[in-house]
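Copied over from TrEMBL:
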- 14-574: domain 'Choline/carnitine acyltransferase' (DOMAIN)
- His311: active site, proton acceptor (ACT_SITE)
- Lys387, Lys391, Ala392, His393, Lys394, Met395, Ser396, Pro397, Asp398, Ser424, Arg469, Gln520: CoA binding site (BINDING)
- Tyr420, Ser422, Thr433: (R)-carnitine binding site (BINDING)
Amino acid sequence: MSRFPHRRGGLPPLPVPPLQQTCERYLSALEPIVEETELEHTRQVVAEFARPGGVGERLQTGLERRVRKTENWLSDWWLQTAYLDYRMPVVVHSSPGVVLPRLEFSDRQGQMRYGLCRTQSRIETLPVEYLGGQPLCMNQYYQILSSCRIPGTKRDSVVNYALGKRPPTHITVVHNYQFFILDVYNSDGSPLTVDQIYIQLEKIWSSSLQTNKEPVGILTSQHRNTWAKAYNNLIKDKTNKESVRAIQKSIFTVCLDAPMPRASDEMYRSRAAVQMLHGGGSRWNSGNRWFDKTLQFIIGEDGSCGLIYEHAPAEGPPIVSIIDHVVEYTKKPDEVRTPMVPLPMPQKLRFNITPEVKSDIEEAKQNMNIMVHDLDVKVNVFSHFGKNVPKAHKMSPDAFIQIALQLAYYRTYQKCCATYESASLRMFRLGRTETIRSASIASAKFVKAMDDPSKQKVALMEKAVKAHRAYTDMAIRGQAIDRHLLGLKLQAIEDLASLPQIFMDTSYAVALHYNLSTSQVPAKTDCVMCFGPVVPDGYGVCYNPMEGHINFAVSAFNSCEDTNAGNMAQSLEKALLDIRSLLEHTPKAKL
């Protein structure tokens, strides 16, 4: 029985779209990104897959049967295939970071941390959110606190201690690679006051000033198979096992970081982004983390501030909702009187470092440093305009930005690419995400015409925005193609000896090779989320459109000669300005 039955009661189950509809929309999605000769072959493959009485219909029947037997036919499959089966490190490759405005240090530091610690009580009493009048599934919020990913040699798992009869009452705090248990509730169940938490944090800080400790936390940054072996080595020791369990059970982790190398104001946000994503390497703060922990708040001595979260339990929107709550909470004065009773010293977690564990740590340091050198992140504040300009032209700000991204990519590479934008399926029970395919037939026509003086560009821009809006609406209503195709493929793996040709076809591989992996994560707080690319020759692009400006984070790998985060960020800025200029200097430009 769920402790939180209200979080999804009354919501409809995720539908399985009609097979023929998905096949037609799949071919349309391929048109801008696949060569015509290849596409002609794919049309034949799809026709064979979808024919009456064929393999597609058999798999479709299997999915429809699964709908009747499960709360959500996709959710368990998605958690396994997208996250728990994924073997690359969660750092850079999976876990997003969030960069918040730099903290000004005073007692605000205590206020900020106090806000973090009060997140627990907020989660217990969440009102249901709505989108367009439709209630949304709140399940993800209940997966964020007191949860942790556990490495496995073939597949990981997620453990959630918040749903038990006695939810944990402690957070973990890590400073100079040393972990501490900090109880944030008194014995009577009341939360600690600001002053109490500040005092406890000072105790932790002053008792962990030595920096010669082994960075056990860096082990969590490894390739998942490697980390699983190291994890089993680590927890052979009873003390280590108890310390690891305390971290896993904690409500969340607070990372008190050493200052990063100084950066100019222009470079500061980009430097802060990599600090949130990976900590800067073994010489800096990468060991000051437990990357398997679902939620880690990061506060640096230099005022840098943000978080990183492990992606398996939740998407970005619930995370930024928590951030908005925390930031608002810190602005309120604390009206609770601090009890005079002294609190016990927070418990330091002990680790016995055997030669084998020491060797695993050294390997993790080397691999982390390789990742750090390979990742290029550029955070830009696009200050020329924000949501105000698209709205003035009666265009969706998200569609406007996505079409600008298509233009930026096309100008750089003279071709369109498979583009992933995350859409929420929270209108359905246990809904996670669907793919908005921003590279459409309409967007391809617009970007190819944009720099051609002879073309009627405004009409093409309007059609591209409309197409994006239509696909977005289709996606959030469970009628897009990607999760359905994945379901058909996984059903085939369960049912059949061999995969149908549609999933072995080159076009399917092209469709899933997302050179642009993008996400709009809007927050009231002036922050931006960031994540790494999902393919070696791709970009990760996240943005938060505010009323008068847009926060962007663009990432790429240095090991790829064809990609450059700074160049793509510049190209995107130019595309946004050029589209505004096009709309403002063309008579009667309106949607």
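Just so it is clear, glycine is given a Cβ too, placed from its N, Cα and C backbone atoms.
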Handout entry: Cβ neighbour count (within 10 Å, all chains shown) around Asp398 (CoA binding site)
Key = 23
Practice task
Measure from the CA atom of Ser422 ((R)-carnitine binding site) to the CA atom of Asp398 (CoA binding site) and give the result in Å, rounded to a whole number.
Solution key: 11
Completion exercise
In all the protein chains shown, the tally of other Cβ atoms within 10 Å of the Cβ of Ala392 (CoA binding site) is 13
Completion exercise
Same-chain shell around (R)-carnitine excluding Tyr420, Ser422, Thr433, C-beta within 8 angstroms of the CB centroid, reads Glu421, Ala423, Glu434, Thr435, Ile436, Ser517, Ser519
Practice task
Given the recorded positions His311, Tyr420, Ser422, Thr433, state which is nearest to Lys387 (CoA binding site) when distance is taken between Cα atoms.
Solution key: Ser422
Handout entry: Densest Cβ neighbourhood among Ser396, Ser422, Thr433 (binding-site residues), 10 Å radius
Key = Thr433
Completion exercise
Whole-number Å distance separating the Cα atoms of Tyr420 ((R)-carnitine binding site) and Lys394 (CoA binding site) is 24
Practice task
With a 10 Å radius around each C-beta, find which of these binding-site residues (Lys387, Lys394, Arg469) has the fewest other C-beta atoms nearby.
Solution key: Lys394
